[in-house]
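Here is the structure we will look at, set down as structure tokens.
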Amino acid sequence: MKSDSSKNSGKTFHVKSFGCQMNVYDGERMAEMLGAEGYVPAADSADADLVVLNTCHIRERAAEKVYSDIGRLKRADGSTPTIAVAGCVAQAEGAEIARRAPSVDVVVGPQAYHRLPDLIARAERGEKAIDLDMPLESKFGALPKRAGGQRPTAFLTVQEGCDKFCTYCVVPYTRGAEISRPFAELIAEARALVAGGVREITLLGQNVNAWDGEDERGRAIGLDGLIRELAREDGLERIRYTTSHPNDMTDGLIAAHGEIDKLMPFLHLPVQAGSDRILAAMNRSHSVESYLKVIERVRAVRPDIAVSGDFIVGFPGETEADFQATLDIVRATNYAMAYSFKYSRRPGTPAATMDGQIAEELMHERLQRLQALLNEQQQTFNAATVGRTTRLLLERKGKLEGQLIGKSPWLQSAHVIAPGLKIGDMVDVRITSAGANSVGAEALTEEVA
Ligand code: 5AD
Ligand code: SF4
């Protein structure tokens, strides 16, 4: 449904993405599509003719933020830009958004955003354009081909949706059932990114390690097969993937961590809680023991792997003993970094109506205790890398003269003074200092590696 791009010439747009990396990816694809339609990017929403709010519904605060953001789009003269609400709040709240916020013109769900140009055209004719379809045709086929960007790193969504139905989570409702994008389409997209200068690709999916497909010879493969194939691409130096479910850590994927040099030593593996009783109530379908076993097996093949996780405190019915068990699994795992949240009651999910909802203050207090432990572990992880020689992929400029910031293989942000180098270069370094959220490094050579 390609429209005449000249009709939009001169119009400006701004896409603002919230939440997970999949939203960041979707936001980039929407921006590329609007660019192909003749729109020009604006630096921020204040001077854009079209604003797309690409929203997140995972926790209450994220969803509420949308309404205050819509309110802020009102200009001094009382006018508003064309406003499209996309993402998971759009899917979950639908037409309710346009009722509650009349200045919203377009509401489009995460599986239908390839139709955005049409929806905007309908809005310009004065309609409220709402599309919450989860169409069978893939949006990916309808989007313009990727060209790679100005950055050396890129996301590539390989899998979407979730069939796991954890009882607290909205994703199975907002993103729909699990689908894997076809192998050939992914290889083509990765090649286009690499041709455009991308050196690191992070494969994305709500359950990325549930990806499956067929290779070019028709053989059934899993995520490890896809990673193996991508690792053959010249110019692609690093591969990462996120987010994984413990039950989908196959033997092949675990083995890949010991065998594929380009696969970075970092594993984001959410566990959510450390008590089997709570894990069962969450419908996580794994146990503390099975989670720890996966971690042990990955470490056996890749001893230096940095492990990251997600945690929820205050799930309905969580006792002090259950919470202590969460602290225990954190101690047993030793995380390099982690994300932790207070349980947020999401309408329509099974946990929202469970007995034993936990008071806000108690959740707050548990979160503080959990985060103190996780921060300590992160600091310890960073400190343990001091003295190591490693390689950085330089991603952006630092604050100091000649300073660049890159990522270590373990996903640490690392600062280095390297006046001869530029964004996109890789540089051999020694890590010389460690802070809570980043490390300092010295370049071992001024040569571009
Ligand atoms: N409340 C709090 N945290 C949640 N997450 C998902 N749903 C909820 C919820 N209702 C967290 C989980 C998940 C991460 C993306 O967000 O930890 O892994
Ligand atoms: Fe949500 Fe659980 Fe699916 Fe993750 S695995 S997206 S937490 S339902």
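Placed from the backbone N, Cα and C atoms, the Cβ positions cover glycine too.
TrEMBL names CYS20, CYS88 for binding [4Fe-4S] cluster 1. Of CYS56, CYS162, the residue it gives for the same site is CYS56. Across the fold, the C-alpha of CYS166 ([4Fe-4S] cluster 2 binding site) and the C-alpha of CYS20 ([4Fe-4S] cluster 1 binding site) stand 17 Å from each other. The binding-site residues near ligand 2, defined by a Cβ under 6 Å from one of its atoms, are CYS166, CYS169, chosen from CYS88, CYS166, CYS169. With helix defined as DSSP H, G or I and strand as E or B, the domain 'MTTase N-terminal' (11-125) counts 57 helix, 22 strand, 36 coil. When secondary structure is read from DSSP and collapsed to three states, CYS166 ([4Fe-4S] cluster 2 binding site) falls in the coil class.
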